[in-house]
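First comes the structure, then the notes that go with it.
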Amino acid sequence: MDERVSMRKDAEQIVIKNINAANPASDRDDGERTGGGEAVCSPAGFTGREQEAMRDVLDLAMNMGRVLLKNGAEIFRVEETIEHVCRRFHIKDVESFVMSNGIFMTARDEAEEVYAKVKHIPISGFHLGIVTEVNDLSREIAAGKVGLEEAKERLRRIEAMPPKRGRFRVFAAGIGSGCFCYLLQANLWESMLAVVIGCLLYIFVIFAENHRLSKIIIHIVGGGLITIMALFALQIPWPFPVRIDKLIIGSILPLVPGLAFVNSIRDIANSDFISGIVRIVDALLVFVYIAIGVGFVLGCFNKLTGGMIP
């Protein structure tokens with residue numbers, strides 16, 4: 001019995017030394033909390049310092065994975081980030097299971113104490129700037145350039161990064177619509193009209209996002225607005241030909257979930273079939289919502305005009 005107690009105490013000291021070696025500031029913090037004395041033991045026999053250090057590392061790894069997944073990172077990138085952070089702070093026995101909307105993580109220390117965490121992450125938009133910053137932070141942690149407390153503070157600042165300004169997003173949506181329309185063998189004037197329609201469409205998208213409207217509503221109404229604006233453009237006697245199919249297909253680009261579709265293919269290629277299928281179904285449903293909006297407006301127009309599209 002005495003030998004088992006001695007082995008357990010030795011294992012506790014090894015874990016504490018390893019984590020403190022990666023994060024020297026923890027020694028000072030523990031000394032301040034305990035008045036410079038010995039760390040208080042939990043009822044299970046483990047030191048409070050060890051448990052707190054383990055939880056801090058797991059919280060950091062989980063939060064970094066959450067931020068990555070929330071902003072559009074691939075599944076393998078999230079898993080590798082969690083593994084690198086835990087390994088840097090000498091927590092080697094770590095298992096993570098990442099899906100498109102959740103992270104499951106367990107860790108075991110040398111004293112056979114098991115820690116588990118589960119985090120639900122709703123499928124949301126994309127912010128590749130945040131993904132890049134978290135990747136850089138992960139590399140610095142793995143290289144030993146950033147301690148635990150500094151990493152947590154930097155992650156808070158990264159997560160608070162604002163999205164691009166509305167004007168820039170509207171301008172980018174317009175340019176994307178015009179270029180895509182031109183790639184579809186539209187003439188220059190049709191491409192210019194697609195630029196205007198794309199800008200007006202994205203003004204509505206930003207308004208809908210600010211008012212927290214459902215993604216279903218945004219894409220159905222967005223598809224309908226594109227069709228209404230294209231039909232309106234056809235009623236104006238332009239000195240050049242205007243084709244409604246070029247305008248609609250070109251202006252749809254800001255609504256198309258291209259990044260989500262590509263990431264889903266990449267997840268499937270990496271054998272993350274569950275996450276890949278969930279993401280690809282989500283992307284395909286967006287295509288369906290857009291088609292419903294476009295088809296509804298065209299159907300109403302055909303009923304009202306007898307199918308006469310100039």
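Using N, Cα and C of the backbone, Cβ positions are placed for all residues, glycine too.
Nobody curates TrEMBL annotations by hand; they come from automatic prediction.
Annotated region 'Disordered' per TrEMBL: 20-44, in sequence order.
The compositional bias 'Basic and acidic residues' annotation in TrEMBL covers 26-35.
The domain 'Threonine/serine exporter-like N-terminal' annotation in TrEMBL covers 59-298.
The annotation transmembrane segment is assigned in TrEMBL to 166-185 (among others).
For 191-209 (among others), the entry in TrEMBL reads transmembrane segment. Within the chain, the transmembrane segment (191-209) has long-range Cβ neighbours (under 8 A, six or more residues past its boundaries) at 166, 169-171, 173-182, 217-218, 221-222, 225-226, 229-230, 233, 242, 246-247, 250-251, 253-255.
The transmembrane segment annotation in TrEMBL covers 216-236 (among others). Same-chain residues lying 6+ beyond the ends of the transmembrane segment (216-236) with a Cβ under 8 Å from its Cβ atoms: 193, 197, 200-201, 204-205, 208-209, 242, 244, 247-248, 251-252, 255, 286, 289-294, 296-298, 301, 309-310.
According to TrEMBL, the feature transmembrane segment maps to 248-265 (among others).
Taken from TrEMBL, the feature transmembrane segment covers 277-298 (among others).
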What same-chain residues lie close to the transmembrane segment (166-185): Cβ under 8 Å, and 6 or more beyond its ends?
-> 191-192, 194-199, 201-203, 205-206, 246-247, 249-254
